[in-house]
Amino acid sequence: MMVTVIGAGSFGTAIAQVLSWNAEMVRLMARRSEVVENINRTRENSAYHPGVKLRDNIEATLMDGSVLEESEYVFMAVPSGNLRSIVRSMNSSLEDKKIVSCIKGIEHPGLKTMSSVIREETGSRTVFSISGPNFADELIRGMTSGITVGASTRYAREIAGLLKSPRIILDHSENVEGVEFCGILKNVYAVAMGILDGQITGENHRHSLLTLCFREMNLILNEMGYGELHDRFCGFGDFLLTSTTDKSRNRTLGLMLGKKMRLSEDSTITIESLRSIRAIRELTEGLELPVLEMVYQTMQEPENVNLYIREFQERISRPEF
């Protein structure tokens, strides 16, 4: 089977390497010709994974819908803010494909998951998602990783066949958007743990805050009808990894906010995090979510972070009973 990965960034390249063990050929689509030429010439994506050799059955190519003709499955790994325009540019080539979103983000305004955007633009009825606690630099090196496949059982088995490896642990949910929603939420709460890091007095404190964050995330999942996903790789696993590890871009963003460091307002991670936080806040209007509110206020007025942390600490110190 031939498979295409759209997006030759860090995760797109990593998932292409994973897929290459089971697919006959993997096409890795990039936007820039110099990236395509460099990957095919050196067998590396030196911008993201220097020193990691890509397998011989991975071929880089420019983004062009005609390249998709022979592919049964297409994995999407592009920034969430660019997804709609990229899909729109090749939608007639995607309408009969099985499409797997690897993207952790939400469209705002519009409040649509990535699979919803893909379905809307292509008309495809076979759109799925994968998510889990996966840093791309470990995934591409074959280190053990857990992935949740969001698809009906029939298609989940096909996707599992493409991902299978002694070092890939899979679980499954038929709730495609729920799997995606976990990936959106965990990013928000990873920012929270980063913001609060400077206030943590010890491990008791750290894990109490982790519990509060996960409880709040669970409350939102239940409210959205996705409560069964909290113990999947896309739920607890991804939350724990992203909230406690300094390799996490969202946790790092929170650390910078907590230290009042100047942020680049046009950086991808800042834009995507703010988009996700605003979207979740709109979707959960009416719920009492002190962690989310603290993150939202801090992102809006980072110079007042100490005030918002103090208000949050006062709120959580009041007994719930």
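Cβ coordinates come from backbone N, Cα and C, glycine included.
Annotation source Swiss-Prot lists active site, proton acceptor at LYS186. Per Swiss-Prot, the feature NADPH binding site maps to SER10, PHE11, ARG31, ARG32, LYS104, ALA136, ARG249, GLU272. The feature sn-glycerol 3-phosphate binding site is assigned by Swiss-Prot to LYS104, GLY132, LYS186, ASP238, SER248, ARG249, ASN250, with sequence analysis given as support.
On the structure: features taken from Swiss-Prot.
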residue : record                               : Cβ neighbours (10 Å)
PHE11   : NADPH binding site                   : 23
ARG31   : NADPH binding site                   : 15
LYS104  : NADPH binding site                   : 24
ALA136  : NADPH binding site                   : 21
LYS186  : active site, proton acceptor         : 29
ASP238  : sn-glycerol 3-phosphate binding site : 27
SER248  : sn-glycerol 3-phosphate binding site : 22
ARG249  : NADPH binding site                   : 18
ASN250  : sn-glycerol 3-phosphate binding site : 23
GLU272  : NADPH binding site                   : 23
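For the pair formed by ARG31 (NADPH binding site) and ASP238 (sn-glycerol 3-phosphate binding site), distance between Cα atoms is given as 29 Å, rounded to the nearest Å. Note on proximity: of the recorded positions GLY132, LYS186, ASP238, SER248, ASN250, the one nearest SER10 (NADPH binding site) is SER248, by Cα distance.
Each of the binding-site residues SER10, ARG32, GLY132 was scored by other CB atoms within 10 A of its CB, and the lowest score goes to ARG32. Reduced to three states, the DSSP call for SER248 (sn-glycerol 3-phosphate binding site) is coil. Cα-Cα distance from SER248 (sn-glycerol 3-phosphate binding site) to LYS104 (NADPH binding site): 13 Å (rounded to the nearest whole number).
Using Cα positions, the member of the binding-site residues ARG32, GLY132, ALA136, ASP238, ARG249 nearest to the residue listed as 'active site, proton acceptor' is identified as ASP238.
ASN250 (sn-glycerol 3-phosphate binding site) sits 12 Å from LYS104 (NADPH binding site), taking the Cα positions as reference. DSSP classifies LYS104 (NADPH binding site) as coil under the three-state reduction. Reported as a whole number, the C-alpha separation between ARG32 (NADPH binding site) and GLY132 (sn-glycerol 3-phosphate binding site) equals 28 Å. Across the fold, the C-alpha of ALA136 (NADPH binding site) and the C-alpha of ASP238 (sn-glycerol 3-phosphate binding site) stand 13 Å from each other.
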